[in-house]
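J.: Sharing a structure, written as structure tokens. Questions coming.
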Amino acid sequence: MSKQVFEMIFAGKKLVVETGQVAKQANGSVVVRYGDSTVLTAAVMSKKMSTGDFFPLQVNYEEKMYAAGKFPGGFNKREGRPSTDATLTARLIDRPIRPMFAEGFRNEVQVINTVLSFDENASAPMAAMFGSSLALSISDIPFNGPIAGVQVAYVDGNFIINPTAQEQEASALELTVAGTKEAINMVESGAKELSEEIMLEALLKGHEAVCELIAFQEEIVTAIGKEKAEVELLQVDPELQAEIIATHNIALQAAVQVEEKKAREAATEAVKEVVIGEYEARYAEHEEYDRIMRDVAEILEQMEHAEVRRLITEDKIRPDGRRVDEIRPLDAEIDFLPQVHGSGLFTRGQTQALSVLTLAPMGEAQIIDGLTPEYKKRFMHHYNFPQYSVGETGRYGAAGRREIGHGALGERALEQVLPRLEEFPYAIRLVAEVLESNGSSSQASICAGTLALMAGGVPIKAPVAGIAMGLISDGTNYTVLTDIQGLEDHFGDMDFKVAGTREGITALQMDIKIEGITPQILEEALAQAKKARFEILDVLHGAIAEPRPQLAPTAPKIDMIKIDVDKIKVVIGKGGETIDKIIAETGVKIDIDEEGNVSIFSSDQAAIDRTKDIIASLVREAKVGEVYHAKVVRIEKFGAFVNLFDKTDALVHISEIAWTRTANVADVLEIGEEVDVKVIKIDDKGRVDASMKALLPRPPKADNPKKES
């Protein structure tokens with residue numbers, strides 16, 4: 001196929017799609033140019049079905065540093081493991097694509113997005129999401145798309161689609177919404193305490209824009225799309241299925257209705273073991289033994305899936321006996337750990353998270369050096385999910401995509417209420433340790449994080465709580481669930497996480513397993529989530545009503561002063577000589593940023609105060625009209641030079657020493673003498689003139705005698 005080009009104007013920028021020129025051996029490939037961002041997307045599919053019990057979809061988002069005209073860091077000077085942002089973007093693309101493959105599809109699919117050029121004002125992640133859907137749609141891979149995604153900002157009461165970097169900086173909302181032509185199927189958002197009404201409007205505005213992109217994709221697919229390949233889907237033997245349902249469904253139904261998680265798992269496992277044992281014995285010598293046993297396991301999974309959903313939709317019974325809008329028992333505790341800077345333990349049913357706060361100087365802030373300009377990240381929220389939290393063994397090692405994603409969600413939810421750097425000059429790290437999990441552990445980590453921040457004396461604007469909402473839908477009827485547990489997440493259609501304060505929403509995240517949900521469901525889920533959020537905030541308030549007025553004794557003491565940017569070099573000195581001398585003298589640690597914010601860190605408050613005085617003296621400038629207690633440092637015939645402070649001298653001209661005539665400066669002043677002077681002039685070269693006589697009373701003028709007539 002020769003090169004073909006398609007283009008449209010979207011959100012004020014040219015969107016260009018090129019096919020048929022590069023990566024032609026992939027099942028489908030496109031080059032997407034949006035503004036000056038360029039992304040190559042290639043989609044490939046294995047020829048055979050994989051043997052696993054899940055759909056092996058892999059989505060990558062690769063940031064090439066040359067795209068921004070930068071060298072990679074590190075010794076090897078080449079790209080290494082994906083950055084956190086790249087990992088989050090890969091997840092962002094994976095989530096709306098995954099539901100668009102048929103049930104039982106097991107061929108391995110890889111979608112590789114490579115950022116070739118980067119424009120911070122034209123979203124490369126959204127170009128990659130568009131390219132991922134389009135590469136799959138024009139290929140022979142059986143993908144039930146297209147989908148598309150957009151970013152939405154909210155500035156001065158107006159919604160902006162795919163904002164520029166400057167617009168996003170001014171926005172009260174950072175929202176990514178994706179979906180099909182019919183409905184939304186993925187949401188990721190951080191917000192500055194916005195109402196449910198504004199968030200819902202933003203979602204709908206975003207979906208309108210999504211539909212524009214889908215229409216463009218459909219035009220391209222009509223023009224160049226390949227015929228879809230015939231692939232084998234994982235399907236069970238219907239006769240075997242009917243037999244197992246007839247003989248074992250009643251026992252499995254009873255097991256599913258056991259309310260306590262561990263007991264329910266034991267009961268369902270016991271039923272499954274009986275069934276599996278029965279068929280293992282029956283078909284041990286059968287030539288299709290492996291296929292039959294795979295079918296048995298899949299049938300049992302389908303039976304459990306169907307029963308959980310039937311109980312909720314028909315009988316309104318949840319696995320643990322709760323009402324559809326009922327939260328599990330809650331408990332909140334602070335100061336769980338000694339020595340640390342702050343800690344909070346939050347428990348919701350059988351889900352429990354411990355959050356631990358650490359404060360440090362801004363020098364410990366994380367330096368982010370990606371495609372965007374380098375910056376310092378002040379707040380970090382890390383999420384750990386050990387396998388013991390679900391009573392299992394498993395892999396231990398570096399954080400995976402799920403842990404990175406859950407940590408980022410908590411970070412977005414909590415960073416909206418953090419104090420400004422000027423008010424609280426600390427780098428802040430929260431670590432959430434999931435100690436038990438039966439669903440919604442990411443939201444428990446947000447609640448525990450609020451407790452740890454408040455217990456540690458971080459003056460947050462308001463407490464934040466999070467709740468996970470679920471959905472069971474049969475296409476006609478649906479049930480929205482509050483505070484979903486693991487089984488409801490696993491067998492349900494939606495995981496919709498909502499975090500916020502009493503004033504509004506600070507974070508949203510939605511993943512679904514069906515092709516989309518309606519505005520009505522979104523509105524109902526947001527309303528139920530608000531009610532639940534307020535209940536949880538009441539419990540957090542019971543543990544700690546407001547942030548402590550003081551930091552923990554173990555927390556570092558940090559003070560901050562602001563200096564003019566042109567004075568930074570004065571404080572640092574030649575080769576760092578001045579700042580090194582201050583540190584050696586006071587024993588503190590000093591961090592200075594490019595905006596002139598000076599952070600002083602020490603366990604000794606007196607040392608901090610001494611350092612502030614030294615720096616204030618270094619950057620101090622003489623001002624006309626101010627009085628200084630000065631020391632004479634040099635005497636000349638025309639006057640005396642006096643030191644006002646540090647390295648700032650002034651000239652007291654001979655005529656400014658006294659109101660009476662001074663014949664000889666040396667007769668009046670001597671080196672080392674201390675005198676009070678007033679600054680009367682500073683010229684354009686910074687030279688200072690001072691006066692002694694300006695501080696002395698002016699003698700009265702002598703009366704001239706009248707002439708006699």
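Backbone N, Cα and C define each Cβ position, glycine as well.
Straight from Swiss-Prot, here's the annotation block:
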BINDING   Asp489, Asp495  Mg(2+) binding site
DOMAIN    556-615  domain 'KH'
DOMAIN    625-693  domain 'S1 motif'
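Help me picture these features in the structure, burial and contacts included.
T.: Every protein chain considered, the tally of other Cβ atoms within 10 Å of the Cβ of Asp495 (Mg(2+) binding site) stands at 21.
Per-residue pLDDT, averaged across the domain 'KH' (556-615), gives 91.
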J.: As a quick check of your reading of DSSP, tell me how many residues in the domain 'S1 motif' (625-693) are helical, how many are strand and how many are coil.
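T.: Secondary-structure breakdown of the domain 'S1 motif' (625-693): 8 helix, 36 strand, 25 coil.
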J.: Which residues, sitting 6 or more apart from Asp489 (Mg(2+) binding site) on the same chain, put a CB under 8 Å from its CB?
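T.: The list for Asp489 (Mg(2+) binding site) reads Gly439, Ser440, Ala468, Gly470, Asp495, given in order along the sequence.
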J.: With DSSP as the yardstick, break the domain 'KH' (556-615) down into helix, strand and coil residue counts.
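T.: Computed counts for the domain 'KH' (556-615) are 32 helix, 16 strand, 12 coil.
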